[in-house]
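Trainee: Shown below is the structure under consideration.
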Amino acid sequence: LECHNQQSSQTPTTQTCPGETNCYKKQWSDHRGSRTERGCGCPTVKPGIKLKCCTTDRCNK
């Protein structure tokens, strides 16, 4: 599986995720504004954080 792994509005980059079946995209706000994190897997998140998990290559744009 290949997932995007750039933070927020950085130039898109990807990583290969051996053995993983999910990519994720987390979004939240802090004192610097809206934040986005992407990567392999499907992590558990705290309340107030939006999480989208998906199962195809580069699906977490």
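Cβ atoms are placed via backbone N, Cα and C, with glycine included.
Sharing the feature lines straight out of Swiss-Prot:
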- Cys3-Cys23: disulfide bond (DISULFID)
- Cys17-Cys40: disulfide bond (DISULFID)
- Cys42-Cys53: disulfide bond (DISULFID)
- Cys54-Cys59: disulfide bond (DISULFID)
Trainee: Could you check the disulfide-bonded residues Cys3, Cys17, Cys42, Cys59 and say which one's CB has the most other CB atoms within 10 Å?
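Mentor: When each Cβ's neighbours within 10 Å are tallied, Cys3 leads.
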Trainee: Would you pick out, from the disulfide-bonded residues Cys23, Cys53, Cys54, the residue whose Cβ has the largest number of other Cβ atoms within 10 Å?
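Mentor: Ranked by Cβ atoms within 10 Å, first place goes to Cys23.
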Trainee: Could you measure between Cys42 (disulfide bond) and Cys23 (disulfide bond) for me? Cα positions, answer in whole angstrom.
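Mentor: A Cα-Cα distance of 6 Å.
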Trainee: In sequence order, what residues of the same chain, 6+ apart, have a Cβ less than 8 Å from the Cβ of Cys40 (disulfide bond)?
Mentor: Leu1, Cys3, Asn5, Gln15, Cys17, Glu20, Asn22, Cys23, Tyr24
Trainee: Fill in the CA-CA distance, Cys53 (disulfide bond) to Cys59 (disulfide bond), as an integer in Å.
Mentor: 9
Trainee: Quick check: in three-state DSSP terms, what is Cys23 (disulfide bond)?
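Mentor: Cys23 (disulfide bond) sits in a strand per DSSP.
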